[in-house]
Amino acid sequence: MTIIDTAASAVTALAALLDLGLRVREARDTDRDTTRETARETRESGPGAAPEGPSAGRGGGVRGRTGGTGEDVLRLLDGLFVPEADRWTADGAGWWDGFYADRERGVPFFAAKPDENLVSYLDRGLVRPGRALDLGCGPGRNALLLAGRGFTVDAVDLSPAAVAWARERAREAGADIGFRVQDAFATGPDALTGPYDLICDSGCFHHLPPHRRVSYLALLDRVLAPGGHLALSCFAAGAMGSELPDAAFYREGVLHGGLAYGPESLRRIFTGLTEVELRRMRDEPPDSPHFGEPFLWTALFRC
């Protein structure tokens, strides 16, 4: 099964997930709004007027709302989350700017240290220099490593503050890196273009809601070169992140700081790729030149 086959299979489940989410959201909204709407309609139309049902005026049901395309469904599912929960679209950039505003905070990955697993892949020759994409680059610590190891690097992040910091580090290191402030999963004229021999993701994937895994797989299919690699680090179930069932995130409208994954769920999601290595990140001591925290899973997949 190819990456895009996996994505296509996931799209077929989105309508059902959308229906579940909308039913939950409408039930919740109805409980909150019925009395208020009835009072308003009575004032406007007279005491004999019948109130509209909870779905009236909203597109005639799920089929009418989707517009028949997968991207429409994805956007509608985005809308099931409260706005302040957004960490994955361009609207989430402000939250990330606030996160990166205080550079002196004791956030482990603020240090200019590359992921230990990424260093290991390069040292062992599992990944060879080529064209690389740092997905959700933050302050640029992994992009700097790749540029120093001979890669031609593009690095993308939603946050202007993060990219500004990364650019400063690149200038100080004399590294030539193509930084971009944008939604990496956006389509259209500004979409990322490959092919990339390596896509590095340290902490982006686990901030996506379940339905946006489809966007992630579509990006891989579009820009990852045949024989290219995905180097992934994400929250580990039992150590960091939320372990709620996927449907629960739509009921609650928030992601609880990020989604946790285990080895089997990662293998299932990335079944269109070949597993090279899948392990917990090693715990690096404070004086190590590398970043390593055991609350993360690391994975290397080959296209």
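Even glycines carry a Cβ here, placed using N, Cα and C.
Taken from TrEMBL, the feature region 'Disordered' applies to 28-67.
TrEMBL lists 28-44 with the feature compositional bias 'Basic and acidic residues'.
Annotated compositional bias 'Low complexity' per TrEMBL: 45-55, in sequence order.
Taken from TrEMBL, the feature compositional bias 'Gly residues' covers 56-67.
Residues in the domain 'Methyltransferase' (133-228) partition by DSSP class (helix H, G, I; strand E, B; coil) as 39 helix, 26 strand, 31 coil. As annotated by TrEMBL, domain 'Methyltransferase' applies to 133-228.
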What is the pLDDT of the domain 'Methyltransferase' (133-228) when averaged and given as a whole number? 96
